[in-house]
Amino acid sequence: MTVIEGVVPEAGADPKMPPGVVVEGPLVDAKFLDSYIAFGFMIGGSIAALVWAFWQGIGWVEVSVFVGMFLLTTVGIGFMHRYFVHRSFRCGPVMRTILAAIATLAVQGSILKWVSNHRRHHLHSDKPGDVHSPYYDGVGNRYASFLKGMSHAQGGWVWDQATTDGAYYARDILADPIAMFFTRTRWYWYALSAVIIPGAIGYAFGGVHSMIGCVLFSGLFRSYIMTMATSLVNSVCHSDGRYGYRRFETNDGTTNEFVTTILTFGEGLHNNHHRFPRDAYLSHAWYEIDINGLIILGLGKLGLVHDIFGVGARRRSAAPDAQQGGAVASQNAFDGVAEDLRSAGR
Ligand SMILES: [Zn+2]
Ligand SMILES: [Zn+2]
């Protein structure tokens with residue numbers, strides 16, 4: 001965990017919260033502005049999409065673009081998670097550019113923000129300091145009500161008076177010109193995903209009527225629904241076995257849950273993931289269907305990505321906790337990041 005050692009908390013840090021969490025100042029203001037704009041468009045667009053669907057109807061063009069963009073961005077968040085956060089494989093700059101583009105098209109925040117938040121989540125999983133736990137709110141107070149906690153994990157956390165310091169959690173991303181290009185230009189990619197691509201396809205196949213339907217239903221509404229599907233990982237897959245099952249006794253409330261796993265292409269195998277955070281392929285049984293993992297393995301077979309981390313690499317690295325199982329979590333969540341920083345001499 002070299003990446004987060006030896007850093008003094010910045011101004012705006014809350015003494016009750018772990019370092020790397022900022023509770024006031026320009027970083028928090030910027031986070032709120034991003035959230036207001038993105039969710040304003042997505043929620044406003046979703047309401048308009050439902051009105052349009054009942055009033056004007058939607059056809060095969062709108063449904064096809066919805067499904068196509070949902071699948072593409074679900075794979076994109078898989079790359080965001082397994083490549084940019086956990087470095088579960090490696091690839092060259094062209095491939096990294098493609099992965100960064102698809103990840104940013106998901107309209108779930110910039111690579112810098114997503115990576116920082118998710119690393120903080122692993123480090124403090126279901127403890128004070130977690131970004132989106134069903135058990136603790138944004139400033140580390142325990143929830144008395146399971147329902148309140150679940151709604152915080154599912155989406156309320158976005159409105160917390162707290163944000164994650166990228167300089168603390170994601171120095172590798174800050175030093176990566178490709179990831180930072182997509183971080184700076186995120187709004188163009190959100191507009192492409194939620195408006196321009198669906199609108200252009202709609203116009204090409206059905207004129208102005210399909211164009212409006214596609215922007216509302218297949219662009220804005222789809223972005224919101226897809227974000228909510230991803231968020232099931234934060235709520236349902238941290239429900240401490242209320243939904244799904246726990247294959248490993250980790251020191252958090254993670255579970256593997258079937259419906260979330262299908263909707264997120266494998267990210268719902270979240271107990272497996274917290275146990276072995278750097279694994280590229282999350283399935284430990286035939287009924288654990290990890291489409292994103294299979295895509296990464298397929299890209300490896302094609303030679304487009306390499307050094308795919310998995311059970312073999314765990315054995316070779318011979319970290320004792322990686323071989324023995326038991327109640328250990330997040331031990332190797334940042335090993336790949338530390339390796340990258342070392343090899344780059346940072
Ligand atoms: Zn988690
Ligand atoms: Zn993770």
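Any Cβ shown, glycine's included, is placed from N, Cα and C.
Feature annotation from TrEMBL assigns transmembrane segment to 36-55, 61-85, 97-115, 187-220. The domain 'Fatty acid desaturase' annotation in TrEMBL covers 64-283.
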For the transmembrane segment (36-55): best-contacting stretch of 61-85, 97-115, 187-220, by Cβ pairs under 8 Å: 187-220
For the domain 'Fatty acid desaturase' (64-283), the averaged pLDDT of the predicted model is 96
Which residues of the chain, 6 or more past the ends of the transmembrane segment (61-85), have a CB below 8 A from one of its CBs? 91, 96, 99-100, 102-108, 111, 114-115, 118-119, 173, 179, 193, 197-198, 201-202, 205-206, 210, 213-214, 217-219, 221-223, 225-226, 229-230, 263-267, 280, 291-293, 295-296
